[in-house]
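Feature annotations, courtesy of TrEMBL:
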BINDING   13, 14, 15, 16, 17, 18  ATP binding site
């Protein structure tokens with residue numbers, strides 16, 4: 001039984017983490033691409049070795065673990081380096097997402113995928129795409145405040161992700177996160193209630 005598979009997406013600092021954490025309190029299986037991305041580059045993992053080959057020893061800390069800040073700085077210097085980063089990480093992340101989908105048995109599965117692409121609909125059997133949307137000006141400020149990065153770097157990070165227009169094109173459902181946390185929680189609850197009914201229909205059929 002695959003149940004209802006939802007892709008939660010949105011740009012950096014859009015509010016995806018809050019929504020996914022909120023869903024996880026409701027017996028929803030959360031499969032987070034960012035969490036998986038951290039796990040596949042742990043010490044001893046093949047992807048970490050590939051990153052060192054591509055970006056150099058500077059991406060390692062003294063203890064041999066990944067220096068994420070340095071990797072981010074190097075990777076976002078050009079489109080070519082962003083592409084190289086994605087070519088290393090995306091295949092191993094995708095394989096792990098598929099493995100977790102098969103191994104979880106809840107009636108509702110939430111795939112948290114910031115870099116959503118249309119091919120994922122078929123690749124992961126996605127039924128709905130939930131977009132947490134936020135204005136670019138708010139997004140830039142949140143990234144600068146949260147990560148302590150400059151505005152130019154924040155702009156580069158945001159521009160490397162899927163555009164708002166592309167995400168809106170593929171979204172089945174949209175939560176606009178331009179208000180308070182309580183408003184975001186209420187919006188998430190309303191969407192969850194709709195998904196719960198859909199999951200029941202899938203199981204019944």
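Glycine is treated like the rest: Cβ placed from N, Cα and C.
Not measured: the values here are computed from a predicted model.
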Residues close to ATP site centre defined by 13, 14, 15, 16, 17, 18, Cβ within 8 Å: 10, 19, 132, 134, 177
Three-class DSSP secondary structure - residue 16 (ATP binding site): helix
Densest Cβ neighbourhood among 14, 17 (binding-site residues), 10 Å radius: 14
